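Trainee: One structure coming up, written as structure tokens, with questions to follow.
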Amino acid sequence: MGLKNLNGKWGLDSSKEFYWEPDVEGGYRVYKVKSVIMEHQSPYQKIDIVELETWGKSLFLDGSLQSTESDEFIYHELLVHPAMRVHPSPKRVLICGVGEGKSVREVLKYPTVKEVIGVDIDKEVVALCQKHLGKTPIDDKRVRLVYQDVAEFIKNYRGEPFDVAIVDVTDDLDGPARSVHQLDFYKRLYEILGEKATVVVQGTSAFSKVKNVGFCHIYEILKEVFPFVIPYADYIPSFSDLWTFFVALKGIKDLTPRHEIPRDLKYYDEYTNERIFTLAKPLREKLGV
């Protein structure tokens with residue numbers, strides 16, 4: 001199976017037996033496809049939902065793997081719970097990048113939550129994921145979805161401040177989330193947060209980079225806006241990669257958990273929480289921490 005069989009630079013090959021995903025410069029990750037569930041071009045990006053031999057039903061956006069049914073819980077539990085547990089009483093939560101709705105599912109496990117606003121530029125991604133990847137509680141009465149460019153929503157928002165913000169957008173500089181990876185975005189986000197607030201940002205791969213923003217770039221931007229920014233990382237099996245995240249704090253000075261861990265989690269626990277904030281030496285050197 002050679003690159004000549006690709007219809008483009010990434011995606012399903014002509015036989016639709018393999019899915020090619022760009023990795024490091026000049027390299028690819030290749031996934032064996034069991035079945036193609038759907039292919040769709042939205043106004044913003046190419047949406048592919050395929051069943052992989054190893055990982056089950058999986059979502060690709062513009063050729064980049066976003067999640068798989070086998071281990072999405074690892075990513076979303078890591079993304080949501082460290083930041084939610086640090087806030088004294090998270091009532092209003094902003095989710096930037098709804099996607100499959102898995103972050104909404106995790107946020108609603110906290111009884112203090114009264115309102116969740118989920119913003120996503122691509123309504124078709126959300127609808128197709130609900131249809132093909134399993135229902136999530138995006139229709140809960142506490143949840144309001146807004147289909148708009150995240151940066152535009154932040155810029156024009158005039159409502160009540162948020163206690164927690166979850167920034168989970170794609171990291172492709174040529175993609176629909178490019179306006180998020182800017183200093184002005186985080187300055188404005190800071191303004192619409194409450195006096196005490198936590199923010200979590202998915203920081204991309206710790207090692208490989210094709211055309212994404214890079215976790216060091218995200219870290220430097222966050223440090224210019226927030227007084228406390230703490231990196232953490234863990235291995236995501238389906239990504240075959242160490243994935244980074246950042247917790248940024250406003251009016252809170254430490255990562256002391258203030259809530260019990262929800263009982264039905266599959267991956268994240270107290271031991272995991274201690275481990276993920278202990279970065280390996282190469283990452284500490286890259287970040288200068």
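From the backbone N, Cα and C atoms, a Cβ is placed for every residue, glycine too.
Residues annotated as active site, proton acceptor in TrEMBL: Asp168. What TrEMBL records for Gln45, Asp120, Asp149, Val150, Pro176 is S-methyl-5'-thioadenosine binding site. Positions annotated as spermidine binding site by TrEMBL: His76, Glu100. TrEMBL lists 18-250 with the feature domain 'PABS'.
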Trainee: Quick one, of the recorded positions Glu100, Asp120, Asp149, Asp168, which Cβ has the fewest other Cβ within 10 Å?
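Mentor: Among the recorded positions Glu100, Asp120, Asp149, Asp168, the lowest count of other Cβ atoms within 10 Å belongs to Asp149.
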Trainee: Can you tell me the CA-to-CA distance separating Glu100 (spermidine binding site) and Asp120 (S-methyl-5'-thioadenosine binding site), as a whole number of Å?
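Mentor: Pair distance, Cα basis, whole Å: 11 Å.
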Trainee: Neighbour count, 10 Å Cβ-Cβ cut-off, for His76 (spermidine binding site): what number do you get?
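Mentor: Counting Cβ neighbours of His76 (spermidine binding site) within 10 Å gives 25.
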Trainee: Using DSSP, would you call His76 (spermidine binding site) helix, strand or coil?
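Mentor: Note: His76 (spermidine binding site) is helical by DSSP.
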Trainee: Using the alpha carbons only, what distance in Å do you get between Gln45 (S-methyl-5'-thioadenosine binding site) and the residue listed as 'active site, proton acceptor' once rounded?
Mentor: 16
Trainee: According to DSSP, folded down to helix, strand and coil, what is Val150 (S-methyl-5'-thioadenosine binding site)?
Mentor: helix
Trainee: How many whole Å apart are the CA atoms of Asp149 (S-methyl-5'-thioadenosine binding site) and Asp168 (active site, proton acceptor)?
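Mentor: Checking the Cα atoms of Asp149 (S-methyl-5'-thioadenosine binding site) and Asp168 (active site, proton acceptor) gives a distance of 13 Å.
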Trainee: Between His76 (spermidine binding site) and Val150 (S-methyl-5'-thioadenosine binding site), what C-alpha distance do you get in Å?
Mentor: 19
Trainee: Over all shown protein chains, what is the count of other CB atoms within 10 A of the CB belonging to Val150 (S-methyl-5'-thioadenosine binding site)?
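Mentor: Summing over all protein chains shown, Val150 (S-methyl-5'-thioadenosine binding site) has 24 other Cβ atoms within 10 Å.
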